[in-house]
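Asks: Reproduced below are the annotations present in TrEMBL:
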TRANSMEM  13-34  transmembrane segment
TRANSMEM  46-68  transmembrane segment
TRANSMEM  88-107  transmembrane segment
TRANSMEM  128-146  transmembrane segment
TRANSMEM  166-184  transmembrane segment
TRANSMEM  210-237  transmembrane segment
TRANSMEM  257-276  transmembrane segment
Amino acid sequence: NFPSEDYFTREQIIINALILIRILISSIILGCGIKIPKDFLKTITLGIFIPILLGALVSLYIQVATFVSSFQRTPDFHKMFVQWTDGLSSVFTDYIHFNAITLYIIYLHCAKLACSDDESIIVFPTRMVVSLAQAIPLFLCLLPFIPTTSGSFILRAIQVLNKLYLFFAFLSLLVMIVWCIKIVKKDLPYDHARHSDLQVRDARSRLAFLLLYLILPFATLVPFFVDSIIWLVILINGENSKLIIPNQYVQMIIKDYSPIGLSILTIICISPYRRAMLIILRCKKIKVEPLPRKEVELTNMYRYANLEEAME
């Protein structure tokens, strides 16, 4: 009978609520992108939240199909609509996790370029880099499905490439965060203050908010970093893999709840989305005018215009 008490347990209600919240917040962030002009922060944020929204929609489909299948008297419905989704949700979860880590590095790199003297962020192909970077999480999340044999060291090494990637990604993020902290403490070049592009003019404040934005996501990577070290020790020494079991539950919780926390941090710390959210809440346009350029003294410019005539 509807509603099914066997389905609507406390745990299942929490899972469904998390899925709906993830869909709602991701849709809001993607909707805010309509109000944002061309910006490297917008491009990278879209690269993070489009997979989050797709993964949440897949999870919602699985939950609805599983609920409907519980009212069917024959297993045909379950085989047709539910059985093929086995493992699909975990693949999306791993993809979202690896994709976010990859784009965190691109976040910091682009913010660092915006603070450089040559203003290379204007010509940096952010969209192409973000699109190509999607291949990395796709490859890593499919590695566990490669069949292995008990005595094949090469295939075992291939399966732990995702652990190896997490190890080096954590160290890379740590180095880049320290490097960017040093950049924030320095003054921007003089030309940045009167630049018409917000990516360059507000580069220092954007980098500071981006570092604030990455504090919590970077802290959640610590269990994965420890887990990758344990996996590498297991691979080298051939020890028992039961050592990593307690850490798996922590990783599962982080993967389930991190998209929601990341969505809230995006609205608060990423300046284009914070500004777009203010526009939506106030229901009016906020005009951002470039800073006035320094006046040029025409007398100095044309001081030697008639020098040849004066010498004649």
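Glycine too: its Cβ is placed from the backbone N, Cα and C atoms.
Quick one: how deep are these features, and who are their neighbours?
Replies: Beyond its flanks by at least six residues, the transmembrane segment (13-34) meets 42, 45-46, 49-50, 52-53, 56-57, 59-60, 63, 256-257, 259-260, 263-264, 266-267, 273, 276-277, 280 of its own chain at Cβ-Cβ distances under 8 Å.
Within the same chain, residues 41, 44, 47-48, 51-52, 54-55, 58-59, 62, 126, 129-130, 133-134, 136-138, 140-142, 162, 165-166, 169, 172-173, 176, 210, 214, 217-218, 221, 255-256, 258-259, 262 sit at least 6 positions outside the transmembrane segment (88-107) and bring their C-beta atoms closer than 8 Å to a C-beta of that stretch.
Panel annotation: around the transmembrane segment (128-146), residues 43-44, 46-47, 87, 91, 94-99, 102-103, 106, 155, 158-159, 161-162, 165 of the same chain, lying at least six beyond its termini, place a Cβ under 8 Å from a Cβ of the stretch.
Sequence-distant contacts of the transmembrane segment (210-237) (same chain, six or more residues past either end, CB-CB distance under 8 Å): 100-101, 104, 107-108, 111, 156-157, 160, 163-164, 166-167, 169-170, 173-174, 177, 180-181, 184, 243-244, 247-248, 250-251, 254, 258, 261-262, 265-266, 268-270.
Residues 18, 21-22, 25-26, 28-29, 32-33, 35-36, 39, 41-42, 45, 48-49, 52, 56, 96-97, 100, 202, 205-206, 209-210, 212-213, 216-217, 220, 286, 288 of the same chain lie 6 or more positions beyond the ends of the transmembrane segment (257-276) yet place their CB under 8 Å from a CB of it.
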Asks: Excluding the flanking five residues on each side, which residues at least 6 beyond the ends of the transmembrane segment (46-68) place their CB within less than 8 Å of a CB in that stretch?
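Replies: Contacts of the transmembrane segment (46-68) (Cβ under 8 Å, skipping residues fewer than 6 from its ends): 4, 7, 15-16, 19-20, 22-23, 26-27, 29-30, 33, 77, 81-82, 85, 88-89, 92-93, 95-96, 99-100, 103, 130-131, 133-134, 259, 262-263, 266.
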